[in-house]
Amino acid sequence: MLTTLARASAMLLGARGFASAADLDKKVEMTNWEKGNYINYKKMAENLDIVRARLNRPLTFAEKILYSHLDDPHGQEIERGKSYLKLRPDRVACQDATAQMAILQFMSAGMPSVATPATVHCDHLIEAQLGGDKDLARANEINKEVYDFLSTSCAKYNIGFWKPGSGIIHQILLENYCFPGGLMIGTDSHTPNGGGLGMAAIGVGGADAVDVMAGLPWELKAPNVIGVKLTGQMSGWTAPKDIILKVAGILTVKGGTGAIIEYHGDGVNSLSCTGMGTICNMGAEIGATTSVFPFNDRMYDYLKATKRQSIGDFSRVYAEGLRPDENAQYDQLIEINLSELEPHINGPFTPDLATPISKFKEAVKENNWPSELKVGLIGSCTNSSYEDMSRAASIARDALNHGIKAKSLFTVTPGSEQIRATIERDGQLKTLEEFGGVILANACGPCIGQWDRKDVKKNEANSIISSYNRNFTGRNDANPATHAFVTSPDLVVALTIAGTLNFNPLTDKLKDKDGNEFMLAPPTGEGLPANGYDPGRDTYQAPPADRASISVAVSPSSDRLQILEPFKAWDGKDAKGIPILIKCEGKTTTDHISMAGPWLKYRGHLDNISNNLLIGAVNAENGERNSVKNFETGEYDSVPATARAYKARGIPWVVIGDWNYGEGSSREHAALQPRHLGGMAIITRSFARIHETNLKKQGMLPLTFADPADYDRIPPTAMVDLMCTELAVGKPMTLRVHPKDGASFDVKLSHTFNESQIEWFKNGSALNTMAKKAQ
């Protein structure tokens, strides 16, 4: 009898009696798409019993997932916020923009097959121009070289491959691969979407994915756990999205850093599984490691609807391991009464500027935001479920019944081929098209900047509103003057009808085709399709049985794919008299460090994509973007050109950064590029978690000012000495600053390196360290 499961009661989900070792010793496959990969609740329960005996305290659900996946539950040091956990994830998932570099790195490891189940999803390289099928056909043509590389490499290395048009990675994962209590890493920052099915799904850089695909344990600093207790029940215009919009306003873009957000309380049971996914998805915007919901009936219903009832039944047996213990302690607790929660709109330019709808009109006026709404966009990995589309269609139908349509431009991005086919069958797609919607491909599209926007000129101030998750400057359309707001699909549709930000559907009236006033009815929609899901077109490629004869060709003349050369090892010396490439002022996201949009096509070619290094960052010296002074010539040039000039002369350099440097996407290119162009260290007030790890993996030094105020003391034109020989666990490092005018001074720097990560730096990268051990 397993003690963890012996505590199980009949309280949850119809579970009856107690679970024994025999109850958990079953072969239930993780997914319908693979054979021989099983959910190992028995091993997870055994690991939890070992950890419980050691810690002797109640555990949060997040802790249960992590500790049940420990590589060494007997010997692992466990202290929230301090220890580095070595974990064994159940799965790895990559999207096509990050998969290229991950697979190129995996190839260099020389292994015949991935050691952990993995999938690749083609969703990032499809640009929104004319509409779904035409855009997909164009993407297949211009990205053929990359898709062929991914298809053949996946076949070669035993990786499941989801073709272009299949849908957005996170929707596909929720529909097919996520399971309660599992641990998955994904090379996309919105991987936490899987928390909607009770899975700890964590965004990582490609180098982390390579480690796990190669069979190594994955390292994660033991997160703190922030509890969000939900009470009451939502109604009317309030949607699940409003919960995370509210939480983002409370915690801000860095308030969740180093923590898992764990939702609990009676209010959880009123949310759909996909609604919970929405909330977890956007937890990435507050810096959270991931977000989770405990297993409940809504998750079971979703598993059943997606033809995975056997997983739901197995989860009911393991129910005790899929919820927090009574009296579990949280490092911070937030309470939200859903009965009182208002719809929210967040933005512009940052996802944590939260405004309830009742105050939004006033905020528009006070801040002089452009009130005319140019475009409304629904869909994306955050909000493209059947429930989202049904509720949006109900509002659109209400408008059509009154003889009016969308006043603003309106786009719809289905999250997957399954969603597209199902809403086509059930009529929501037709309603949204009649309303004026342009149906885009089942892909990321405008959410990640894959949008060939024509209705405004560059630098023309305008407003758009979307159901997306991220609204940084220029992210959607490369126009820094676009004021982008994020909200629920419901409010997007409502404001699109009005054509203005100065509309509150809870209080304001519209005019029908005859000039009569009316109010929109609150949205309605089923969480799951009554007639089941329609899978639509077959978009999956399984690895073949015979993989030995498959060859993965990369042309040496390709401008999109490039075989990687190992980075040089550290020379063992302090770096003296080196320049500051740029002192970044204000928000510096991974979009600023390595832009997406038109640059996505170079994600498999490190040298070419390095031509966008930090071109979006603001130079504190002159307030300009992509204009820095070469200390040798005294001339101003672009950031990449200046970095290349230093590299050609064998001169390493550093970057000075502000708060939460590297927030946003998980793209490891933002760490690979500075390393490739000769960078040695990034020194900031603070880092976003994924980017800090990515820099370490590539052999760079992510360092923080021991006193954040020292950021202001560093002249952008100063030369510096970096005492690399001081690098040791838990010890500060010294930065000696030599201003052009004035005396030199020392600044103390902090870091989070452990012993194994220091080896990455010494060897030149984590991949070099892996190769060295394999020799």
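Cβ coordinates come from backbone N, Cα and C, glycine included.
Features of the protein shown, as given by Swiss-Prot:
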- Gln95, Asp188, Ser189, His190, Arg470, Arg475, Arg603, Ser666, Arg667: substrate binding site (BINDING)
- Cys381, Cys444, Cys447: [4Fe-4S] cluster binding site (BINDING)
- Asn337: N-linked glycosylation site (CARBOHYD)
- Asn383: N-linked glycosylation site (CARBOHYD)
- Asn471: N-linked glycosylation site (CARBOHYD)
- Asn608: N-linked glycosylation site (CARBOHYD)
- Asn754: N-linked glycosylation site (CARBOHYD)
- Asn763: N-linked glycosylation site (CARBOHYD)
- 1-25: transit peptide (TRANSIT)
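The Cα of Arg603 (substrate binding site) lies closest to that of Cys447, out of the recorded positions Asn337, Cys381, Cys447, Asn754, Asn763. Spacing of Asn471 (N-linked glycosylation site) relative to Cys447 ([4Fe-4S] cluster binding site) is 8 Å (Cα to Cα, whole number). Listed binding-site residues: Arg470, Arg603, Arg667; maximum Cβ neighbour count within 10 Å falls on Arg667. The secondary structure of Asn763 (N-linked glycosylation site), as reduced to three states from DSSP, is helical. Proximity of Asn763 (N-linked glycosylation site) to non-local residues of its own chain (separation of 6 or more, Cβ distance below 8 Å) is seen for Ala569, Trp570, Gly699, Thr769, Lys772, given in sequence order.
Under DSSP, Gln95 (substrate binding site) is assigned to a strand (E or B) in the three-state scheme. The recorded positions shown are Gln95, Asn337, Arg470, Asn608, Asn754; of these, the one with its CA atom nearest the CA of Asn383 (N-linked glycosylation site) is Arg470. For Arg470 (substrate binding site), the spatially nearest entry among the recorded positions Asn337, Cys447, Asn754 is Cys447, judged by CA separation.
In this structure, the CA atom of Cys444 ([4Fe-4S] cluster binding site) is 10 Å away from the CA atom of Gln95 (substrate binding site). Among the recorded positions listed (Ser189, Asn337, Asn608, Arg667, Asn754), Ser189 has its Cα nearest to the Cα of Cys381 ([4Fe-4S] cluster binding site). Nearest neighbour of Asn754 (N-linked glycosylation site) by Cα distance, taken over the binding-site residues Gln95, Ser189, Cys447: Ser189. Residue pair Asn608 (N-linked glycosylation site) / Cys447 ([4Fe-4S] cluster binding site) shows a Cα separation of 24 Å. Counting only same-chain residues six or more apart in sequence, the Cβ atoms lying under 8 angstroms from the Cβ of Asn337 (N-linked glycosylation site) belong to Thr231, Gly232, Gly267.
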